[in-house]
Structures are given as C-alpha cells and as structure tokens.
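S.K.: One structure is given below, represented as structure tokens, and several questions about it will come after.
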Amino acid sequence: MQDLLYFFQQLVNGLTIGSTYALIAIGYTMVYGIIGMINFAHGEIYMIGAYTALITITGLATLGVTWLPLVLIVALICAMIVSSAMGWAVERVAYRPVRGRHRLIPLISAIGMSIFLQNYVHLAQGSRNIGFPALIHGGFTFGSSDTFQAQISYMQITIFITTLICMTALSVFISRSRTGRACRAVSQDLGMANLLGIDTNRIISATFVIGAALAAVAGLLLGMYYGSIDPLFGFIAGLKAFTAAVLGGIGSIPGAMLGGLILGVGESMTSGYLSGEYKDVVSFGLLILILLFKPTGLLGKPEVEKI
Amino acid sequence: MLEVQNLSMRFGGLLAVDQVSLDVQEREIVSIIGPNGAGKTTVFNCMSGFYRPTGGKILFQGKEIQGKPDYKISRLGMVRTFQHVRLFNSMTVVENLLVAQHRHLNTNLIAGLLKTPNYREREKKSLERARYWLERVGLIDLANRESGNLAYGQQRRLEIARCMVTEPRLLMLDEPAAGLNPAETKDLNQLIVSLKEDYNVSVVLIEHDMSLVMDISDRINVINQGRPLASGKPEEIRNNDDVIKAYLGEA
Amino acid sequence: MAANNVRHAFFSALITLIISYPILGLNLEAQGISVTLTGADTSTVIAIFIAVIVVFVFQLFRERLMDRVRELPFLSARAHKEPMAENKRAKIESWVITGIVVLALFWPFFVSRGAVDLATLVLIYIMLALGLNVVVGLAGLLDLGYVAFYAVGAYTFALLAQYADFSFWMALPVGACLAALFGLVLGFPVLRLRGDYLAIVTLGFGEIIRILLNNWTTLTGGPNGIGGIPDPTLFGMEFGRRVKGEGNTSFHDTFGIAYSGEHKVIFLYLIALVLAVFTAMVIRRFMRMPVGRAWEALREDEIAARSLGLSRTAVKLSAFTIGAFFAGFSGTVFASKQGFISPESFVFLESAIVLAIVVLGGMGSQIGVILAAIAVTILPELAREFSEYRMLIFGAAMVLMMVWRPQGLMPMRRIHIELNRQE
C-alpha cells in the first residue's frame, strides 16, 4: 500500500511537470512545423513570462490587491502579453531576415538570441534566484500519517486544469479559426500557401505569438510550483520541452502533449526511485535514444527526403 | 550491364513506381520518358540508392544492388546528375572535380599529413584528370571561379564533368537539357554521344526534349503514372498509339 | 502607404515598450524571504523611452534610410573592389603570420605576468576555436556540446596525474586521443541525424558529461574538482621552487639563475603557443587535403556528395573526431595551466563562447578565428565595466552576424589551384 502510494505520488508529480513541459513544447513544435527551425530562444521567452508574472504579482501586492483569482488572472495576462511581444520581436529581428538561408544560419541566430535574452534579464533583474510566492496552498492527502502520505496539492490541480484549458483552446483555434486553418496550410506547404494569397509572414508571426503566450502560462505555473526563478531556468526547461516535442514527434501538437507527459513522468520516477541529480541525464539520454531509433517521434509523420 | 526488374516504390498509400523494368547494355543510350509526375526521377532515386525500393530487383554487372547505400552504388561505377543542378556552390570549379575523386579519403589521412610520395602522385593524377575534363567541357578558363557563380549551362556541363572524373561505367542524367538554349542543347547532344563513343560509358537519360531523345537514344522506355507504357527503338515509340495518347491526353 | 507606415511604426514602438519596460524598468528585490518591487533609476527609464522613440522614427523612415545607407560611398566602393593578385596575397599573408609568431615568441619577456597568463588563455581558446571550426565551419555540423570534449581532455590529465603519476607530456596525447574516442563513439550514432537535431543532441551530451562530473564524487571530486595538477616540465626540469617529481631537476638550479615564478608562466605560455601553432598547421593541412574538401562538399550539398561516392558517416565522423581531438588537446593544456579543475569550467556557456568565436571569425577562416579569439577574450579584460555586458554583446553579435554577414568578419578564401595547361 505504502509503495503504491509512493508510486502514485511520483506519477502525480510527473504529470504536473509534464503538462507544463507540454505547454512549452507547443511553441517548439508549431514553429518547427511551419518554418522547420528550432527556436532556441523559446526557453528564454518562457523565463521572461515567469519574470513578468512575478513582477505583476509583486506589483499588485504593493498596490494592496490580494484577491487571489484577480491576481492570478492579471499576472497571467501580463505575462502572456510581454512574452508574446517578445516572441513577435524575436522572430522579426533574428529569424525573418535569415529565413531560407543555409540551415545553420537561423540556428546560430537563435542561439545568439537565447544568450542575449538570458543576459538581458540577468542584467536587469540580477542573477540570483528570487522567491516566487506559492499563492495556492493546501491539497488532498491520502494514506495514514504514520507511514507515507501521498498528496495532490491544489497547485497541481490548477496546473492540470489550466493546461487542459489551454490545450483545448489551442485545438479549437487551430481547427476552427481562419488563422488556425491558414497555419495548417502554411505548415503543409509554405510556398503554395503564399501563392494562394495567405499572408505567410503574418501566419509565422502568429505562430511565434501563440507559442510564446503558452510558454508564459507555463512560466507562471512552474514559477509558483517551484517557488523560485532565475535567469537561467528557461534554458534547461526549454531543453526539456524540446525533448518532449521530439519525443512526441516534432510538428505534431498532440505529440507535444504526449511527449511532455511521458518526459515528466520519466523524470519524476527517476528522482523518486534513483536520485534527483540524474533526472537530467535520464531526459537527455532519452532524447538521444529517441532521435537514434525513432527520429520522427511517437506521433510524427515520416519524412521523405526530397531530391 | 544494368537490369531493372519489376521495380516498385511505394510512399505510404501512393504507388509512385509500379513494376517498371528496363535494361541497359554496354555502350548504349537508353532514355526514360513520360509525362510530368510519371515517376521517372523516382526510378533514378531507386537506382542510385537514395530510396530503398519496396519491390523488384536492380542488377548492375550481374550483382544485386537494390537497397545498397547511395555512396556504395556510386563507387561501383553508377553516377548520376540531378534535375536541379547540385554543385558545391561555394567551392571552385576545380575543387568540385577534385571532391568527386575523393572516395577513399580515410586511408589518406596520415599519408596526407606527411605528404608521402604516393599521396602526392595521387593528388597530381586527380588534378590532371580534372584539367582534362575541364578542357573537354570548355570550362578550363573558369577553373578557379566559385561554381555557384557559373551560368546555368556551364553548371550543367560541370555537373556532367564531375560525374566523368569518377570514371563511371554508367551515367544517369536527369533532364540534362532543361533550361538550356538550342545551341547549348546541341553541344550537349554531341557530348553525350561522345561519352558513349569515346569513353565507353552507357547512359540512362531522363529528358523532355523529344528531338534530343529521338536523336541520341538507342532505345526508349515510356512510363506513365508509375507504370511502364512502352519500350523500343525511337521510331517504334514515335509511332506507338498508347504513347501518343498518353502525351496528347495529358496535353 | 504613409498611414500604413505610421501604423507599423507605432506598433513596433509599442512592442519595444512592452518588452523593455516591465523587465528593465521594474526591479525585483529579494529581502529575506519577501520580494519587493522598485522602479529603476530615472536614467534607465529615460533610456527605455529614447529606445522607443528611436524605433518609432526608424520604422517610420525605414525605406528612405535604407536607400541612403546603400548609397554610402564606402559600401559601394567595397563591392566593386578588385581582389588582390592571388600569389601576392598569399606571400603577404605568410609574412604576416611569421611576423606574428616571432613577436608572440618574444613578447612575454617584456610584459607583466598577468598579461602572459591571459595570453595563455587566449591561445587555449584559439586551439578550441580552430578545432570547432573544423566541425562547424568546414563540415557544417553544429556541435553545441563541444566543451564536453574539452572536459574529457582536462579530466583525463587530472585523473591520470592523481592516480597514475602521469606528466603533462604523457597525458597530452592520451587526453586528446581519449577525447577523440569520445567523439567517435558519440558521433557514430548521432551523425546520421539532421543538422538541427545534431545540435540538440550534442548539447544534451555536453550537459550529461557535466552532470556526471558533478555527481560522480568518488572519482571526480564532484563540484570541488581536482587540484594539484602538475605543471609541464622541460626535459625533466621543473619550474617550481622545489622539485616534486622523482629524478627531475629544477629549472633555476640547472641554469644557475634565481628562482622566479615568472619562468613557469612564460614556459606555459610558450608551450601553449607551440601547440596552437601546431594545431593551426595540422588543420590547415587537413583543409587542403581530400578529407578537407570532402567536409566542405558535404556541408554544401550532402546529396550530391553522396551521389559521388562520399560516405556521409565517414566524412562527418572524421570532422567530428578531429574536432574532439583538438578540444581534448586544449583541455589538457587548460588543466595544466589552472592546476585545478572543476565542472564549473565546462558549462554550456563555454561552448557558446567558442561558437561565437568561430561565427565572428568567419566560418572556415583560420586567421579570422584567431583574431576573433583574441578579441573575444581580451576585450572584456581591457574594459572591466564592460565585462558584465560581455555575453549580452556576444548574443547580439551572433544574431547580427547571421543577419548581415553570415560569412563572418574574415570569410574563408578559396585556395587557388594552378592547372598546367597543355597547349
């Protein structure tokens, strides 16, 4: 019973982390699906989302606003706006001018952007990690108190529900809205979509904005969940999310969701049963193995080399 | 020399090539023609090892080669050009020709660092061969230009020269006349014939320029929608009702 | 059209404001466990608004400005400049290089110890960058975990010295070869991957190595690192005040001069110089060999290269392994220079710095890479207040280089090959 509860606890923790990875992974997968590049700076956009959320929360507290739903919603909106603007600007400045050049060039530009943004926040906000208030307390507890107790916190439930809402909204948007349909058209064939009169530049910008907004949501959620943030925390999270995107099949949105959850559970099982230090080794090892044996991921479509 | 038997290639639900057969004898020019999207280039890609065919056999000099990696097939003496010219654009014209002769580079690593006499001899020979072919295709004056800066017709000729320095037995040309003007096409015509006559190379040709095809081919295979439609000597093909229908029906 | 311009300019200015004000204008400060928010000082706020106005004006008059810039005399003059005669240029270049090496040989005797120490570091970066240049610049493989091979070299020396009493000269080839072996083993499976996947996998590999070094405490000492790495010796002569190794003599006793700490620093510098020159020469030779052309061919057009009989795996693997070899090589020198190493020296940032050097120098160009290594290492030292902004500027420079001048400051020059014609 105790072992089962312990396992259950790891599973819940894993699914929580995994669903936020999935939110970040969407940004990688959508951009890759449309212009075939890895947006290295995406992890930094997520980090900026977390910082903006913390700034908003602190600002509201200074102003005396303490009603929790209002604080959360305002923080969420501000984080989404700033991250989206950042995503838009990054695409405009660093990626659009190099689109269509040799594949190394956009990639290096993206790495440069990632380094730039990391240091931008570092210089503005300092390099030390800053405590993020855990606004949502409490939870459900299972098991007797003298042995192991499993807990599902309200925070974890919030993360699940928010992720679910975002994913549903995204699927509806992609399948129903005009922009969503245009997105799919552009990811099928950019040149053709252009000929058909779709403003591909606008669609690519939209992709970056949507990805950035979802990353900002993840930034707020993970900030609260971990309890502290620093300018470097986007980098590793970005790498994890990218792993999730590849695991699920890059370019596929359900794949990103699935990949995120698998990666999250894998990591928390490693921490729970082996050692927390090696969880990154496990996820990067997983990434290497997937790329070697199934480069198209779990739900990705096989690519035919064009000659 | 080359025998393709019942070659099939399926991409997911699409059967791009269905039971295509053809054969090439020594010193022969065989053309593959057919409407756009008929699967001609896919046949090439299977023959040259870029795709692993889903069915059928390819025999080169009596040995099965289907599914072998591309670079190994090329080393056997089957070399190809591409529909859209593929040069090493930022490298010079000579360097393009030198690279083509570098298939056994791993054995050269130490020898090259020490510049052994054997290594120098080989380098000299490669250079000599490059010079010969540059003169042959009339690009000698452009030897140190970056190949990406050449005119289109020159790039086409360089691509053929690059194949020839590897001393192939069989040359596969994918639409070599596309984008050339009539004078250049005439030169190309003579070049291909000379490759066969003077260098004992067999040629498989994909081409849309019918006058070129009819003029130089020993035999022609027609493919339509992935399936073989007809094959025979040029005059037979010219008068084949099915072929006329396929082409006119398309137009 | 004009209205459209105004709208676009306004939008751009608004975006600039959104991305700069919350992050730059409002500072989070941790006081104990509570966090407070303070506004930035007035100058920052003014700077933000100036930036916003600049963006607005620039976007408003963008087209006209760009036309003006294109007409600038020096830009158009350069576009039409005739290249210098090939052999003349090669001659000048070889004189310049010889001059620099001779200068580099004698200069440490006239400057301060700190300067020599810094110069040694520059040389280590030059070796690293020359090695990475093979992988990224010539073969077109983006390796973001390059620092892992550097770590392999450094740790090999440290461990061999600790457990097996290896000297620098014995460890140097071992470290380099072991790093090359790592490159080979990692490269064999992953080099089949497409370029961008390769970047991520190497990045992951770099992190794995670092985490292992950090956590395998029994072997590597974990975050505490390994100290007491011996200095190099010159024919059995040591540069310390007291002789440590058995059968060794000390440098100052042998020559009957007074002991000075500077001898060791200069000696280390000279070793690094010799090894850097060696690295440059070997790689230069590789570039002119079949294997070097094969690297470039594969970078230019992989499909065409394969169709000509080049094995993709063999060519890529050779580049990757040679790159790793030189990383291990410089790692050994680094360990010896520092005398102490810990995982902190082998973070992703180091890979990024070396990559920045390669990108700034002009991918493929050796002289460019050497100059960039000097600039990137020395500039932050010269202006201390500027060193905070170092990585910020690197990042921005990488983006700008890719946008405006992807061939780098000194693009690689093609080697002119004379063909003797038979008339």
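Cβ coordinates come from backbone N, Cα and C, glycine included.
So TrEMBL lists the following for this protein:
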- C:7-24: transmembrane segment (TRANSMEM)
- C:44-61: transmembrane segment (TRANSMEM)
- C:92-110: transmembrane segment (TRANSMEM)
- C:122-142: transmembrane segment (TRANSMEM)
- C:147-164: transmembrane segment (TRANSMEM)
- C:170-190: transmembrane segment (TRANSMEM)
- C:197-213: transmembrane segment (TRANSMEM)
- C:265-283: transmembrane segment (TRANSMEM)
- C:314-334: transmembrane segment (TRANSMEM)
- C:346-379: transmembrane segment (TRANSMEM)
- C:391-407: transmembrane segment (TRANSMEM)
S.K.: Apart from its near flanks, which chain residues at least 6 from the ends of the transmembrane segment (C:147-164) lie with a Cβ under 8 angstroms of it?
M.R.: 128, 170-172, 174-176, 178-179, 182-183, 202, 205-206, 208-210, 213, 219-220, 226, 228-230, 323-324, 327-332, 334-336, 341, 343, 345-348, 350-351, 354
S.K.: Which bits of the chain, at least 6 residues beyond where the transmembrane segment (C:314-334) starts or stops, bring a Cβ under 8 A of a Cβ in it?
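M.R.: Those are 123-124, 127-128, 130-132, 134-135, 138-139, 141, 143, 146-147, 149-157, 168, 171-172, 175-180, 182-184, 186-188, 191, 271-272, 275, 279, 283, 286, 291, 294-295, 298, 305, 341, 345, in sequence order.
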S.K.: When you scan the chain for residues with a C-beta under 8 Å from the transmembrane segment (C:346-379), skipping those not six or more beyond its ends, what do you find?
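M.R.: Same-chain residues near the transmembrane segment (C:346-379) but 6 or more away: 93, 97, 118, 121-122, 125-126, 128-130, 132-133, 136-138, 143-148, 150-151, 154, 203, 206-207, 209-210, 213, 280, 283-284, 296, 386, 390-391, 394, 397-398, 401-402, 407-413.
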S.K.: Who are the long-range neighbours of the transmembrane segment (C:170-190) in its own chain, taking Cβ under 8 Å and residues 6 or more past its ends?
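M.R.: Those are 148-150, 152-154, 156-157, 160-161, 198, 201-202, 205, 313, 316-317, 320-329, 331-333, in sequence order.
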S.K.: If you count Cβ pairs under 8 Å, which stretch among C:7-24, C:122-142, C:265-283, C:391-407 touches the transmembrane segment (C:92-110) the most?
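M.R.: Highest pair count goes to C:265-283.
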S.K.: Can we call the transmembrane segment (C:265-283) and the transmembrane segment (C:122-142) in contact, meaning three or more C-beta pairs below 8 angstroms at a sequence separation of 6+?
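M.R.: Touching, yes - the transmembrane segment (C:265-283) and the transmembrane segment (C:122-142) meet the threshold of 3 or more Cβ pairs under 8 Å.
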